[in-house]
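As structure tokens, the structure follows; a few thoughts come after it.
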Amino acid sequence: MMLSKIINNISKSGLRNTTNSKNGGLLYFQNYYMKSSTTITRLNSGNNNYSNNNNNNNNIILNDKFLNKQQNDKKIIYNNIFEEKNQFLKRIYSTSTTTTSTTTTTNINENNIKNENNNENNNENSNNNNEQSIKSNQTKSKGFLRGPYMTLIKLPITVYVTLTAIAGYVAACPIGAFDWVVLSQVSIGTFLASCSANIHNQEIEVQHDRKMPRTKDRPLVIGTINRGKAWVGSIALLTLGFGTMAVTPSLFVPGTLAACNVILYCWYTDLKRVTPLNTWIGAFVGAIPPLIGSVAATGEFEAIGMLLATFMYIWQIPHFLALSQVLREQYRGAGYKMLSVTHEKKTVDRVSLAHALFGIPLPFIFDYFFNFNVHPITLTCMALSSASLALPFITKISPKRLYIISLISLPITLFLSCLLRQPFAYYTDDDDEDKDKDNQNQIENQDKK
């Protein structure tokens, strides 16, 4: 009975009355151990009294049995006490370690969460600061010529297009009929129309420009300039460009050509994701500006303007095919169906070579059939410019170098076509013949009188 009471007391009290610390549990167990030892001494005293009574009653056999039983009970009690002690210490140690580990893990997790939140906040702040710095300091970091608005209008390309229109006017203008006002109108109108076309191009391709490393930093992509404002600005520039030329009746046709060229450029932009033939359609956009200048100079579509337009058209094919080969993977990732993406490199090289070879005899063919009295050096430079585009396929020059060669050869050819121009026979000779006829008629009339 006493043993069962001790075990019940241990099982009931156990960890319930202990504190959370290890030392508190040990103090409790020491007190409990002292109580259990007093119970054992009482059993011993009871054994002694009982043994004396038995000795007096001469019950030796029963006394021995009882003593053996009491000794066994003592052993059981001691064993149970030590087992409970070990289990009790294990429980205290496990609870203390688990509490400390849980507290440490919770502290670590809390610290990690705090650090992650701080890192996220820092990243958001850094991203906001970067966006603000991009929007505010883009002009400072890249310079004025490469600022957001200059990038939006593609200033280098716009200047290039304007120079081709100027070359068309200067090359086609008869000697003595050069007009600086008309040239200024053609230059400004072409410049504004080209700006409008480039803005429309970027506004249409915003979603695709994000996918290309070459165009991912454009102002409409990163949000430096609002798309709605850009669209309104492009319409305003187109209106100003057309009005600058159309205000003069003789320049209404060149102004109409400029406006139609903007519409063609927008249509070509959508075709870049539809068919590989977009390069040949887009080449018309680059061939029209010199025709604008020549029509402004002569008032009609003359042979010199057609030659410059055809030369520009042929020149653009190897030029843009070389660029598409350099940016093949970027075009593929953005979903553009360029010839370099849909066909092998050998096919692209053969197409470029065919156009370059066709451009060599082209100036002399025009001169033979139209006899527009262009300087032979100018014709030779046009042929050499086309030959330079064919040279890389013979010497195995990279497409990137071919692209650079095409950029160098074109302005040289246009400059010489303006510098080495000659008076046109169908202007000077016809005028002289009319004057001679008038003089002869006057002389004949005087003789009759």
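Cβ coordinates are placed from backbone N, Cα and C, and glycine is handled just like the others.
Here Swiss-Prot flags 99-138 as compositional bias 'Low complexity'.
If you look up Swiss-Prot, you'll see 99-140 marked as region 'Disordered'.
For 163-183 (among others), the entry in Swiss-Prot reads transmembrane segment, with the evidence type sequence analysis. Listed by sequence, the residues of this chain that lie at least six past the ends of the transmembrane segment (163-183) yet keep a Cβ under 8 A from its Cβ atoms are 190, 248, 250-251, 286, 289-294, 296-298, 302, 304-305, 308-309, 312, 374, 411, 414-415, 417-418, 421, 423-424, 427-428.
What Swiss-Prot lists as transmembrane segment is 245-267 (among others), and the listing cites sequence analysis.
Marked as transmembrane segment by Swiss-Prot: 279-299 (among others).
Proximity of distant same-chain residues to the transmembrane segment (303-323), defined by a Cβ-Cβ separation under 8 Å and at least 6 residues beyond the stretch ends, is recorded for 164, 167-168, 171-172, 279-280, 282-284, 286-291, 293-295, 339-340, 348, 351-353, 355-356, 358-359, 362-363, 366, 370, 372, 374, 382, 385-386, 389-390, 399-400, 402-403, 406-407, 409-410, 413-414, 417, 424. Sequence annotations record features per position, and here Swiss-Prot assigns transmembrane segment to 303-323 (among others).
As annotated by Swiss-Prot, transmembrane segment applies to 352-372 (among others), with the evidence given as sequence analysis.
Taken from Swiss-Prot, the feature transmembrane segment covers 374-394 (among others).
Marked as transmembrane segment by Swiss-Prot on the basis of sequence analysis: 402-422 (among others). Using a Cβ-Cβ cut-off under 8 Å and counting only residues 6 or more beyond its ends in the same chain, the transmembrane segment (402-422) has close neighbours at 163-164, 166-167, 170-171, 308, 311, 315, 318-319, 322-323, 326, 352, 373-375, 377-378, 381-382, 384-385, 388-389, 391-392.
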Message: How about long-range neighbours of the transmembrane segment (279-299): same chain, 6 or more residues beyond its ends, C-beta under 8 Å?
response: 161-162, 164-174, 177, 182, 185-186, 190, 194, 197, 245, 250-251, 253-254, 257-258, 260-261, 264-265, 267-268, 271-272, 305-306, 308-310, 312-313, 316-317, 320-321, 324, 338-339
